[in-house]
Amino acid sequence: MAPPGEGRDAALLPEFPRGPLDTYRARASFSWKELALFAEGEDMLRFKKTIYSALENDPLFARSPGAHLSLEKYRELNFLRCKRIFEYDFLSVGGMFENPLKVSTLTQCLGMYDWSLAAKYLLHTLVFGSAVFSSGSERHFAYIQKIFSMEIFGCFALTELSHGSNAKAIRTTAHYNPATEEFIIHSPDFEAAKFWIGNMGKTATHAVVFAQLYVPGGQCHGLHAFIIQIRDPKTLLPMPGVMVGDIGKKLGLNGLDNGFAVFHKVRVPRQSLLNRMGDITPEGTYVSPFKDARQRLGASLGSLSWGRVAIMGMAVANLKLAVSIAVRFSATRRQFGPTEDEEIPVLEYQTQQWRLLPYLAAAYALDHFSKSLFLDLVEFQRGLAAGDRSARQAELGREIHALASAGKSLASWTAQQGIQECREACGGHGYLAVNRLGVLRDDNDPNSTYEGDNNVLLQQTSNYLLGLLACRVQDGACFRSPLKSVDFLDSYPSILDQRFEVSSVADCLDSAVALAAYKWLVCYLLRETHEKLNQEKRSGSDDFEARNNCQVFHGRPLALAFMELTVLQRFHEHVHRPCVPPSLRAVLGRLSALYALWSLNRHAALLYRGGYFSGEQAGRVLESAILTLCSQLKDDAVALVDVIAPPDFVLGSPIGRADGELYKNLWGAVLQDSKVLERASWWPEFSVNKPVTGSLKSKL
């Protein structure tokens, strides 16, 4: 793929303003425009440009440093902005089906501007909307058009005040009455109140509500979803029997109205049940297209993966923003040097490279994985819509559930750690709110807990792997999965016999080396966790206690190592495809290798304990290879950031602006934020660009 030329391509990817960052941009080993086109494609780049331009040119989205809105005003403004996004009609229902990635792209573009806005839009369209579409049937599809016209506004009500991660223990009930052909939705007490529900606090008119479905006679068929009106769309007053409200200020994302709802014997028609997984006849008989309860569970779990996959994309976007700010800052911030007369950019220091560049590599690797898993989930949902009840479809749901659970954990934790490292790497300037790193940290923080606490979610993934191994032990079943994420385990015994044999740094600079190590590590941890589980059971522990005692040093690292391997495997295959332009292969290969070795190094103790590493040389080679790759990527860092950073208006950080005028931009932002010029009427001549002279000088 040739770099873009003049004309329309130049308009699509205009040159950056000249400034202090030019030095690093000139050193790059590749064309940032070529990489942007390869990574995104022209159609997606145009789509992003349309969104960003609309936001920047609309007064409703104007950024106002120093304007600290009240909670009520912020939420009101956020709703109006969300409404305006629908008015722009960036993405039609048809467009979502033609190019599903545009859904996640739009969400990330909005999130890079403000995550409260993105979350509000995402919860209404993707989470609420997809739940209606994927869990409902034709009788519910009339809601889809109303969602996109904002005739109704939705939320996804699963968690309760007393239950979140343990969804099976949700206590809201739905008793069916065949005499009236209605369900009676009821919260038995305040602990069963739906809680933490985004959009529910102020603006949602409808909710997808999860409740335990009871048929006449008292038999419970487990958790099912219902679409229920909770407010009047014209007045926003609660519907009869519904008590609904806002839960208050949070640590971040305060433009989003998280709320609660309590239902007191609310009657809804039988058709309110989202009935793709299970239905009830007018007479009260429960029916399901899934004869195997395990298949139904797999399909349900796949349907609930949307939120976790979306959170992965949100975390990756936050990491992109933080790294963009920190790398541009580091390339222009000069401190110390080889002589007293020469100061060098802090990016030249090995420590700064080691702190930031692995997170830059992680942003690229996790971005590719989150997009590919999103498309896998689209494939699964299309199968559901087409009525696919095959064993493969059910297994695909279970595999996606396992990958989304651990993937959400890995991405949100990586972003959390990366944002903090970027904040510290920017020194005191990183602590200024105007530079946005604090807001990013606070807005990213809930990604580690909502849609499932990360540590709890990791158990879903380790249980998935242990279940596959149990089938292998019991009946000799092969390790196979639709997405092939576990297929390497079929060579489980022979992989465990392998050892690390790389003796030089040069031989370690390929992500294939880390891939082999990761496969051994996952096999080793799977064996150790399986043996620990059996040991606990032999000691008299029941299944619950045995699994509980296997998490910290067994199941948890197993799930994380498997997830890191899966992310790396996909990124490695992506950057080594034949279609990769020759001019991009070296830099993409280095990103893949750095992410691989940096992640693997965190497991060095396990690699030594299990015998894959031996002697001092293995650890030294690994560490030296990481530093070598950081050094090789240092001159490419600014160009790599140019590919993933949004426009300055969206980035919203003076120290991260594309022109690299670090101090000029920061000084101007501070003066604007503090309103110093307004208050200091006796300093009328002062401005950022005006020298101190004449009468003003005498006043000093």
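Each Cβ is built from the backbone N, Cα and C atoms, and glycine gets one as well.
Feature annotations, courtesy of TrEMBL:
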{"type": "DOMAIN", "residues": "155-266", "note": "domain 'Acyl-CoA oxidase/dehydrogenase middle'"}
{"type": "BINDING", "residues": "Thr159, Gly198", "note": "FAD binding site"}
{"type": "DOMAIN", "residues": "302-466", "note": "domain 'Acyl-CoA oxidase C-alpha1'"}
{"type": "ACT_SITE", "residues": "Glu451", "note": "active site, proton acceptor"}
{"type": "DOMAIN", "residues": "511-687", "note": "domain 'Acyl-CoA oxidase C-terminal'"}
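Glu451 (active site, proton acceptor) sits 9 Å from Thr159 (FAD binding site), taking the Cα positions as reference.
Neighbours of Gly198 (FAD binding site), defined as other CB atoms within 10 A of its CB across all chains, total 26. The number of other Cβ atoms within 10 Å of the Cβ belonging to Glu451 (active site, proton acceptor), over all protein chains shown, comes to 26.
On its own chain, Thr159 (FAD binding site) has Ala167, Ile170, Lys194, Phe195, Trp196, Ile197 as residues at least 6 apart in sequence with a Cβ closer than 8 Å to its own Cβ.
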